[in-house]
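Novice: Mind looking over this structure? Questions follow.
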Amino acid sequence: MAPVAALRLHPGVLIHAAGAAAPSVKPGRGAFGAGERKCGRVFSQGRDSGNGYFRARAEIQSSESLTGVVFQPFAEVQEALSEVSLSKSVSLARQRFSQACEAAINDQINVEYNVSYIYHALFAYFDRDNVGLPGMAKYFKNASEEEREHAETLMKYQNLRGGRVKLQTILPPEMEFDNAEKGDALYAMELALALEKLTNEKLLALHRVASENDDPQMADFVESSFLTEQVESIKKISEYVSQLRRTGQGHGMDQSFLFSLDLHLIFFM
């Protein structure tokens, strides 16, 4: 007689073509091991073990699901709960926010305020009656406000992560921007270009601090809020420098800035 085809579904159990199970263990011993015995399911050779096997496995998995839970919130939350400070001087929101990241954000706030201060000085210079370039004055006034908004954005993020804002010293800028060789308009725009490139370097350094301290949330914040806008600003100001080098004293560009419908877009688009 030809041998009966068999399929091994479990250590020690063969399901024959006829559908009956043939345990390959010694008589009198359970065919399934400790897990099955725990469920009270020990099958003999003469029973309908085909369906019984799968019922037993379901019972075992059900039992294991009670003891092998992947996530136990009330148990796991105890550590986080113990870290919640009762002191009013300590942030409750702070989580995985390093001291290095906190300090770097405060430094960048200072950078943004310093650049804003210089642009404000340029606004005051071009607004003088004996300089008479109101378009340039308007341009740098908008630029100053934009840099201040950047500082405020950083301050809000610092608070969001549970850090503490520490404002630092702002150096007084120069107030005279006349340049005998280049003229004041070209000199001022070249200065703005240099400041934007310097700011970009500072932002890249801020991003590196976030990466080095394993803070993807802060890295994403710097990328989405600053880096793309910064390179766009550098490109636009570079074009203004090129145009001023062609036109000389900048009177034509001054009128363009003065009568522009949206100086915010001129500077930052």
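Cβ coordinates come from backbone N, Cα and C, glycine included.
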Novice: Per TrEMBL, what member of Glu102, Glu112, Glu174 joins Glu147, His150, Glu196, Gln230 in binding Fe cation at one site?
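Specialist: Matched candidate out of Glu102, Glu112, Glu174, per TrEMBL for Fe cation with Glu147, His150, Glu196, Gln230: Glu112.
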Novice: Restricting to the chain of Glu112 (Fe cation binding site) and a gap of 6 or more, list residues whose Cβ falls under 8 Å of its Cβ, or answer none.
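Specialist: Spatial neighbours, sequence-distant, of Glu112 (Fe cation binding site): Glu147, Arg148, His150, Ala151, Leu154, Thr199.
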Novice: Other than its own, how many Cβ atoms are within 10 Å of the Cβ belonging to Glu196 (Fe cation binding site)?
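Specialist: Neighbour count, Cβ to Cβ under the 10 Å cut-off: 22.
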